[in-house]
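A.B. asks: Straight from TrEMBL, here's the annotation block:
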type: DOMAIN; residues: 35-257; note: domain 'Radical SAM core'
type: BINDING; residues: 49, 53, 56; note: [4Fe-4S] cluster binding site
type: BINDING; residues: 150, 161, 168; note: S-adenosyl-L-methionine binding site
type: BINDING; residues: 279; note: (3R)-3-methyl-D-ornithine binding site
Ligand code: SF4
């Protein structure tokens, strides 16, 4: 385990010190996961959100001007079939935070499980909910959940998300308690954030005992209160990925598309910094144009691109680490029992 001052100095490493940091992160990835990268398939189920994050074009205040959509259960199933046909066994259902599509999601989950004959990790990223709602989704077959804390600084969290960090953490603890594999995440270079605050983010992920953590550099998206702020530093985001790998080697850490949006080659460098997950987009063309997570010109990851990136990084593509031999729960992250290469 790293000390706070070690984390701080790694976060600012450049040149040979940074290369050494990345090499150690890759060594630990290799030790825990082999030369592999996990592929997920994402379906963006709605662009409607009740939250008003200052960095997001899908924020509540933009709802009137945005071209809103809700995918139907049939549409979700059609996309899930494409993901299955692509040989991917993790379905990420992601969308804005709204109770309005809960019934659709509840209908879709058992149908997706049936489509995959149970051999699927259904991963959700749908925001804060009541414990009873998480429990229902879990009982229907959802296995994992992404709920990013974004920033662990309660004052900054409240200032940019207009939401309480405590409530977010309550949701994460409920999810863990209900047996979900949980992913958190942070935005690095968020305006108002300090280096110490990123150290806190890393320590929070550790303290929560989550299974996954993402790092995205801040993107000043159009039509948001933060649109004129400078773009986040990819170097800081990459160093944060590497530090997370050193601090908690068995964690799933994605190389996110925001790294590529901020700097060409960024996603490849994410893998070089020790990341071991990539998410391929399977949302239909029309809805994808309306899902404005970083504005209209976001970088969209397709399967061929992810495969080429994996190959160039010397990594083999593999499936979910959470699916056990009986296709239900129970495989520890980094364990060998559930490893299944899918190509
Ligand atoms: S970042 Fe997520 S929670 Fe915040 S406004 Fe955008 S979709 Fe909603």
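Glycine residues also receive a Cβ, built from the backbone N, Cα and C atoms like all the rest.
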A.B. asks: List only the single closest residue to residue 279 ((3R)-3-methyl-D-ornithine binding site), chosen from the binding-site residues 150, 161, 168 by CA-CA distance.
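C.D. replies: Among 150, 161, 168, 150.
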A.B. asks: Give me the count of other Cβ atoms within 10 A of the Cβ belonging to residue 150 (S-adenosyl-L-methionine binding site).
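C.D. replies: So the Cβ neighbour count for residue 150 (S-adenosyl-L-methionine binding site) comes to 22.
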A.B. asks: Write out, in the order they occur in the sequence, the residues of the chain not among 49, 53, 56 that have a C-beta within 8 Å of the mean position of the C-beta atoms of the recorded [4Fe-4S] cluster site.
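C.D. replies: Same chain, not in 49, 53, 56, Cβ within 8 Å: 51, 52, 55, 57, 58, 59, 60, 96, 161.
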A.B. asks: Which one is it, among the binding-site residues 150, 161, 168, that lies nearest to residue 53 ([4Fe-4S] cluster binding site) by Cα separation?
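C.D. replies: Of the binding-site residues 150, 161, 168, 161 has its Cα closest to that of residue 53 ([4Fe-4S] cluster binding site).
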A.B. asks: Would you mind reading off the Cα separation of residue 161 (S-adenosyl-L-methionine binding site) from residue 56 ([4Fe-4S] cluster binding site), to the nearest angstrom?
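C.D. replies: Per the Cα atoms, residue 161 (S-adenosyl-L-methionine binding site) and residue 56 ([4Fe-4S] cluster binding site) stand 9 Å apart.
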A.B. asks: Residue 150 (S-adenosyl-L-methionine binding site) to residue 56 ([4Fe-4S] cluster binding site): how many Å between their Cα atoms?
C.D. replies: 12
A.B. asks: What binding-site residues in 53, 56, 150, 168, 279 place CB under 6 Å from ligand 1?
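C.D. replies: 53, 56, by Cβ distance under 6 Å.
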A.B. asks: About how far apart, in whole Å, are the alpha carbons (Cα) of residue 168 (S-adenosyl-L-methionine binding site) and residue 49 ([4Fe-4S] cluster binding site)?
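C.D. replies: So the Cα of residue 49 ([4Fe-4S] cluster binding site) lies 16 Å away from that of residue 168 (S-adenosyl-L-methionine binding site).
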A.B. asks: In terms of DSSP three-state secondary structure, what is the assignment for residue 53 ([4Fe-4S] cluster binding site)?
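C.D. replies: Its secondary structure by DSSP: coil.
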A.B. asks: Just to confirm my parser: what is the rounded mean pLDDT across the domain 'Radical SAM core' (35-257)?
C.D. replies: 97
A.B. asks: When a 10 Å sphere is centred on the Cβ of residue 56 ([4Fe-4S] cluster binding site), how many other Cβ atoms does it contain?
C.D. replies: 23
A.B. asks: Kindly assign residue 150 (S-adenosyl-L-methionine binding site) to one of the three DSSP-derived states: helix, strand or coil.
C.D. replies: strand
A.B. asks: For residue 161 (S-adenosyl-L-methionine binding site), what is the tally of other C-beta atoms lying within 10 angstroms of its C-beta?
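C.D. replies: Residue 161 (S-adenosyl-L-methionine binding site): 20 neighbouring Cβ atoms within 10 Å.
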